Amino acid sequence: MAMADRGGASSAPLQGGRWRCRRWVMAWSRYQLGLAALMLITGSINTLAAKWADNFSAAGCGGTEEHSFQHPFLQAVGMFLGEFSCLAVFYLLLWRDRRRPEPSMAPSQPFSPLLFLPPALCDMTGTSIMYVALNMTSASSFQMLRGSVIIFTGLLSVAFLGRKLELSQWLGILVTIVGLVVVGLADLHSSHDQKHKLSEVITGDLLIIMAQVIVAIQMVLEEKFVYKHDVHPLRAVGTEGFFGFIILALLLIPMYYIPAGSFSGNPRQVLEDALDAFCQIGRQPLIALALLGNISSIAFFNFAGISVTKEISATTRMVLDSLRTVVIWAVSLALGWELFHGLQILGFAILLLGAALYNGLHRPVLTRLTRRGADGSEAEREGLLHAENAAINSER
C-alpha cells in the first residue's frame, strides 16, 4: 500500500513486471527447476572437482617426494568414463519407455557405431589438452576461455557445412574475440599473484583456445555425419565416451614410457605416470573424492543438459552454461584459489554478450522493444486523433 501511495503512475508497471516475473517462474514445473539446478550445479562441480584434484600434493610411488597431482590424461580417462555411463542411462530410459503402453522414445535409424569414432578422437584430444591447461591457469579463466568455441564453430560451419551466418552472429564472433583479449589481459595481470608462472599462464590459455578448435571440429563432424541418423543425445554421448575411454586408457601404457621433460608434472618426467597417480590417491584419499566428483558430475551434467534442452529450451541451456562460469569464479574466490580482478568481470560480460549475439538471444528483446514502440506510436496516433476531434468539436 505504501508503494502504491508513493508511486502513483509508476506503481502499475512495477506491479505488472512483478506479476510477469511470478508467471514466468510458475511456468517452470518443479521438475524443470530441478533439471536447471542439476545442470548448473553438476556443470560447476565438473571443473571445480578437476581443479581441486590438481591442487593436492602427495608422495608418489617408491618413496618419491611429495609433489602436486598433475595427471591430466588420467583425469581425461575418468571424464570419458562419466560420459560412457550415459549409455547405461540411455538403455535404462529405453527399457522404462518400452514398458509403457505407448512408448514415447522414437527408434533411431540404423547406424554404425564407428560413426562416433572421429568425433570421439576429437573429444579425446581436446579434453586431454584442456586438462593439461587446467594445471597452468585458474578454473575461472579456463571456463571463460572455453567460450572461444563460438568463433571456430561459426567459421568451420561456414567452410564445411555451407552455412550462412547472420550479421548478429558475425558481430557475436567479433565481440567474443574482444572478450578473450580482456580475459587474457586479466590473466597476465593476475599471474604475479598466483602460484603459476607467467609463461605457464600464457601457455595454458593458448592451449585452452587451441582445444576449442578441436572441439569445433568435433561439433561439425557430429552435425555432418551423426545428427542425420536421429541418434538419442544420451546414446551419442555414451558411445563417444566408450571410444574415448577405451582408446585413452590404452594410450596410458605408451605414455608411461614417453619422456616429456619439464612439461610433465610427475617425478619420472614422462607424459603420464598412472602408477604414480594411484600411489598419490592411496596416500591422499581426498584426491579420489575429487576424481569421483569429476566422473559423476559429467554424467549428470550431460543428462541434465539434454533434458533442459528437451523440457525447456536450448536458449535456457546456453544461459545456464554461462551462469556456471559465475559459480566457478565465485567458488574459486571463496576458496582462495585465485584473487579478484575487475578485468575478469569485464571479460566475462563481453564474452556473455558475444554468446548472446551469436545464439540470437537479442531477438526477443528487440521484438519486445519493437512491439512497445509500435504500441506507443499507436497510442500517440490515437491521442492526436482525439485532440483533433476535440479541437473540431470546440470550433463547432
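In case you wondered, yes, glycine gets a Cβ from its N, Cα and C as well.
Given the structure is predicted, the values throughout are model-derived calculations rather than measurements.
Under the heading transmembrane segment, TrEMBL lists 33-53 (among others).
Per TrEMBL, the feature transmembrane segment maps to 73-94 (among others).
Non-local neighbours of the transmembrane segment (145-163) in the same chain are 130, 169-170, 172-173, 176-177, 179-180, 183, 205, 208-209, 212-213, 215-217, 219-220, 223-224, 325, 351, 354-355, 358; each lies 6+ residues outside the stretch with a CB under 8 Å from one of its CB atoms. Per TrEMBL, transmembrane segment is recorded for 145-163 (among others).
For 170-189 (among others), the entry in TrEMBL reads transmembrane segment.
Per TrEMBL, the feature transmembrane segment maps to 201-221 (among others). Distant neighbours of the transmembrane segment (201-221): 118-119, 122-123, 125-127, 129-130, 132-137, 141-142, 145-146, 148-149, 151-153, 155-157, 160-161, 180, 183-184, 187-188, 191, 194; these residues of the same chain sit at least 6 beyond its ends, with a Cβ under 8 Å from one of its Cβ atoms.
Per TrEMBL, the feature transmembrane segment maps to 241-258 (among others). Using a Cβ-Cβ cut-off under 8 Å and counting only residues 6 or more beyond its ends in the same chain, the transmembrane segment (241-258) has close neighbours at 73-74, 76-77, 80-87, 116-117, 120-121, 123-124, 127-128, 270-275.
Long-range contacts of the transmembrane segment (286-306) within its own chain (CB-CB distance under 8 A, at least 6 residues past either end) are made by residues 35-36, 38-39, 42-43, 45-46, 49-50, 52-53, 56, 58, 69, 75, 78-79, 81-83, 85-86, 89, 233-234, 237, 280, 317, 321. Under the heading transmembrane segment, TrEMBL lists 286-306 (among others).
Taken from TrEMBL, the feature transmembrane segment covers 343-361 (among others).
At the 8 Å Cβ threshold, with sequence separation of at least 6, the transmembrane segment (170-189) lacks contact with the transmembrane segment (73-94), having fewer than 3 such pairs. Residues 50, 53, 105, 123-124, 127-128, 131, 232, 234-235, 237-242, 244-245, 248-249, 251-252, 255, 271-272, 274, 277, 291, 294-299, 302-303 of the same chain sit 6 or more residues outside the transmembrane segment (73-94) yet have a Cβ under 8 Å from a Cβ within it.
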